[in-house]
There are 4 protein chains.
Amino acid sequence: MANSKWEYVKEFEQPDKLLPNTWIVVRIDGRGFTKFADKYGFEKPNDRRALDLMNAAAKAVVSELPDITIAYGISDEYSFVLHKSCHLFQRRSSKVVTTVVSTFTAYYIYLWSTFFPDAPLSPPLPSFDGRAVCYPTVQNLRDYMSWRQADCHINNLYNTVFWALIQRGGMDNKEAEKALAGTVSGDKHEILFSKFGINYNNEPEIYKKGSVIFRDYELVEPGSHQAAAEIDGLAEPTQQSKTQAEKDKKKRAKARIVVEHLDIIKDEFWDRRPWLLSNKPGKIPKEP
Amino acid sequence: MANSKWEYVKEFEQPDKLLPNTWIVVRIDGRGFTKFADKYGFEKPNDRRALDLMNAAAKAVVSELPDITIAYGISDEYSFVLHKSCHLFQRRSSKVVTTVVSTFTAYYIYLWSTFFPDAPLSPPLPSFDGRAVCYPTVQNLRDYMSWRQADCHINNLYNTVFWALIQRGGMDNKEAEKALAGTVSGDKHEILFSKFGINYNNEPEIYKKGSVIFRDYELVEPGSHQAAAEIDGLAEPTQQSKTQAEKDKKKRAKARIVVEHLDIIKDEFWDRRPWLLSNKPGKIPKEP
Amino acid sequence: MANSKWEYVKEFEQPDKLLPNTWIVVRIDGRGFTKFADKYGFEKPNDRRALDLMNAAAKAVVSELPDITIAYGISDEYSFVLHKSCHLFQRRSSKVVTTVVSTFTAYYIYLWSTFFPDAPLSPPLPSFDGRAVCYPTVQNLRDYMSWRQADCHINNLYNTVFWALIQRGGMDNKEAEKALAGTVSGDKHEILFSKFGINYNNEPEIYKKGSVIFRDYELVEPGSHQAAAEIDGLAEPTQQSKTQAEKDKKKRAKARIVVEHLDIIKDEFWDRRPWLLSNKPGKIPKEP
Amino acid sequence: MANSKWEYVKEFEQPDKLLPNTWIVVRIDGRGFTKFADKYGFEKPNDRRALDLMNAAAKAVVSELPDITIAYGISDEYSFVLHKSCHLFQRRSSKVVTTVVSTFTAYYIYLWSTFFPDAPLSPPLPSFDGRAVCYPTVQNLRDYMSWRQADCHINNLYNTVFWALIQRGGMDNKEAEKALAGTVSGDKHEILFSKFGINYNNEPEIYKKGSVIFRDYELVEPGSHQAAAEIDGLAEPTQQSKTQAEKDKKKRAKARIVVEHLDIIKDEFWDRRPWLLSNKPGKIPKEP
């Protein structure tokens, strides 16, 4: 029963290499999470336990795949960024995407009971889909990140008012929708404040800004490092010496992976953390 | 903070629709399972609990995704076949593949403790990668399935002798490898029998044949149904009436999903289960 | 000046292999041919010289690329079909498409003066774009061909009435458009007949049916040959012996390439010319 | 004969959009030009008429497709560069590539008799294939161009010596090959000079450097313009006002398209012609 006569079927596999020298963003999304959130009674507009679980799973992904330089999450979605010089799995799209999705899913299920000790999982289980997108320049990448964080802000402001109108204003869904139709950002702040005494600016940062995960090194003074433009200009990164690559790897392994809720739209975030775009590990901060 | 100025980044997403009217095979593989198997002390050459867990996870995938008509698994890999008429997720490759991988991973982690009650999981967790391949004809699809089952046979025969030489013959890895170098199938049977009194043919079917999962209906007499050639000939499936689609869906939901260890290379398996290729549910067998 | 430090740029080339075991259709279209037709005073609704030139160029393409089994042309478009077993250029899409487009263009320019002796070409020159599409089954392929021939019929009937209304009915473009708005096929026949005494059925076949190009062998009795379903069923064509391949090649080289104006929607066309789908050359007819 | 029942075949067409914000290089190559060159008695190692014809055809392509910012040709190949902000044909790969290939072929055939008045074309006609490759950064693009020009140099030096050994040294092909085996650049210069009195540096620039085609504006002082890094940094080009776009278009139309034989590896070429990378037309030089 030699299998050689069937091996021709391998020829039907199509290569799917992501264009070299571009930033790879793998975005994953919860499948059917509206229904899933209902099943487990997620709090509205934000369930802190659910977000913490997303962050814990994402942090594990970043930890297991050092090629990920930064990740950003809101609600039931997470974006993982691989550096443009990354050669993980020869940049095979399916392999990169499924590895991220599978690792994330594994930790989501595994850690569930830590965050929801009183609500054991039962089938159908939560799952995630994902895709990879290539961005040629730092500007494109940062615009992608800005787009997601702006979405976070817009959605959270809307949801905060919407659920206040329902939970504290006694409206039903339709009434709340109608009350918000055509309102702009300022109107929503106003409703929150005048009707419910809520100052939106005092809402928790995790809800307003989403969560950003990265390896932490000592912050640098803006302007003291390689400019984004230079990073774009890199063709293929010059082949590192093995010693240097080893050193970098060790530094990365030592770095603390942090989950923060910062503004990633403004330059400051990126300027003070040049390692995010340069892929050169920074200086490990001294233990406090 | 309108996000409209960043939305252009959506244009970088590339469509990845799988060619219509072709069979889609999603194959997933355990990542780094050699190491993982060592960590949890999987038995050699086959760990029955590990295979049962793979099968249980795969069965859950087939159950949650009714577009899957058949699945076949060996060792730490599983192939899921979607019918050529399937429109799941508009046949978007990333979406199809990541959904299968994520659902499988979720159940693998979730069910772990059922099959390994004494070996709780700890990070790094098991994960899976996957890819989708299109096959234009029934013959191509069956050749793919035959290729996997032939691989199962070849690997299992080799591993059975290899580990017998080590576990019962006192050899080390290198000696066993050397003893097997250049041997053909017959030689291996002979070694097993003469040295260890093992008749390979009596080994458990699950090890020799792998596992095949499908919805079970009443077997039919070969020759009484639509030929494979006719199925190939179908362009786009004629639009079913909604009533018929509803009926089929109900039948499928009622059908028992079974895990078997059968020869899927020979015609008989396919001839007696025409629903696997036609995608028309068969007759639900009466409860015994 | 070794070029090794720049050779990495080859890695950016993406593979574009067309799925094996599927029919490849390369369709080419004239670029900006409305304007081009005006410049050279093409007759309306059909310019016989222009169609003859298209056919002559297409015939040259079929002659130079024996992997093409059939071609079909209407107006300024042509579709070239490569057999599903074809391995031309390892099925690289760019290579296949550009070769067809370039060869067609070369002959179109080269033969121009034969068909338009009184209207020498001048820049900007006519050019063509093209794309490749894969069809998994004979039915899909035949539906594609039927789609193009139905389009030919619909367009030609419309154009024939439209230009009769203008050229013989004294209408301007807008009036003719208006007169035809909402008419069905029968209405158009009626207008032609009642207003202009034209029986559409007597119009030249080349205008009504388009042009089909293929290698000609002796017609067979329908039913006496390999069924389409069998052709679909072929996985990879069994490796021909070299002698057989040589014989086939010679037969193909000997076969006359014909340009006909036949119904390719009905079964008869295909049933009597089994070589079109089987890729096995037929019997060379005796010279008359 | 409504064609609606067949229109589903359009669904098999796969999108093939080239990644936005990347440089598109379309490279075309003569098909079977070794044989073709023999048929028409091209001179060795370089046939000036053949190169002039290539350049004339390429110049026509650049003229008809203003999205092309620069083109570079050697022997029977030509590379056409479309600016990273280009939206020609919505960046559909097939459409872009076939349009370039077809336009080039059309002019090659059309202009043949101008350059080879005594050798009329006869079938089989010359034709070209092509492919598109995306480069994310200016550095990648310039490395691609450098790679081609380095290839030009290496090949031309080899061919110059090779044919000198044959034409003037009385060797046959094998002897010349053997004589050159293992030689480095310096050796080849030495052979040319010592054996045949040829100073390679005095060979015509068109043979040593290849040909570069671009729209010509007034040269600028290096350093006075937008840096390459800035160009890389551009995400999507800011939407130009319509007036500005119109102005640019007119300027481009007025610009003279030149064929030069310059060093495109060094920075100077690019620094003094910032319009090549910025896509902003320069200053039209005053007529002399």
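Heads up, the Cβ atoms here are built off N, Cα and C, so glycines get one too.
Taken from TrEMBL, the feature Mg(2+) 1 binding site applies to B:Asp29, B:Gly30, B:Asp76. DSSP assigns B:Gly30 (Mg(2+) 1 binding site) to a strand segment in the three-state reduction. Within 10 Å of the C-beta of B:Gly30 (Mg(2+) 1 binding site) there are 20 other C-beta atoms, taking all protein chains into account.
The feature Mg(2+) 2 binding site is assigned by TrEMBL to B:Asp29, B:Asp76. Residues within less than 8 Å, Cβ to Cβ, of B:Asp29 (Mg(2+) 1 binding site) and separated from it by at least 6 positions along the same chain comprise B:Asp76, B:Glu77, B:Phe128, B:Asp129, B:Gly130.
Neighbour density for B:Ser75 (GTP binding site): within 10 A of its CB lie 22 other CB atoms from the protein chains shown. TrEMBL lists B:Ser75, B:Asp76 with the feature GTP binding site.
The domain 'tRNAHis guanylyltransferase catalytic' annotation in TrEMBL covers B:7-136.
The feature domain 'Thg1 C-terminal' is assigned by TrEMBL to B:139-266.
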Extra residues within 8 Å (Cβ to Cβ centroid of B:Asp29, B:Gly30, B:Asp76), Mg(2+) 1: B:Ile28, B:Arg31, B:Phe33, B:Ser75, B:Glu77, B:Phe128
B:Gly30 (Mg(2+) 1 binding site) and B:Ser75 (GTP binding site), Cα-Cα, nearest whole angstrom: 9
For the domain 'Thg1 C-terminal' (B:139-266), the mean pLDDT of the predicted model: 90
